[in-house]
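The block underneath contains the structure these notes are about, expressed in structure tokens.
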Amino acid sequence: MKAWLICLLVICAAVIAEPVESRNYIEYGAINKCAGPNPPPGCNPPGAEQKNPTPVNEYSRGCSKIHRCRRD
């Protein structure tokens, strides 16, 4: 009796564990935050031209004429 029960459980497990069709890759839309329903700030709407980023701080060596720093 126990052997039949074990055989039945093995057969049921084999039927249930049948391979499921799935993709082996993630689509770009799933990882693109700007394509979602609530895009974060800084994302351009779809179809809009890409804006060139404006530099936040201009380069400065940290020494100006008013501070009388040594010049090279």
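Note that Cβ sites are derived from N, Cα and C of the backbone, with glycine treated the same way.
Keep in mind the model is a prediction, meaning the values are calculated, not measured.
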**Message:** Need the cross-check against Swiss-Prot: the disulphide partner of CYS63, picked from CYS43, CYS69.
**Reply:** CYS69
**Asked** What is the disulfide partner of CYS43 among CYS12, CYS34, as given in Swiss-Prot?
**Response** CYS34
**Prompt:** Among all the protein chains here, how many other CB atoms are within 10 A of the CB of CYS34 (disulfide bond)?
**Reply:** 12
**Message:** For a quick check of packing: other C-beta atoms within 10 Å of the C-beta of CYS43 (disulfide bond), how many?
**Reply:** 14
**Message:** What does the structure give for the C-alpha distance between CYS63 (disulfide bond) and CYS34 (disulfide bond)? Integer Å is fine.
**Reply:** 41
**Asked** Does CYS69 (disulfide bond) have same-chain partners at least 6 apart in sequence with Cβ under 8 Å from its own Cβ, and which are they?
**Response** CYS63
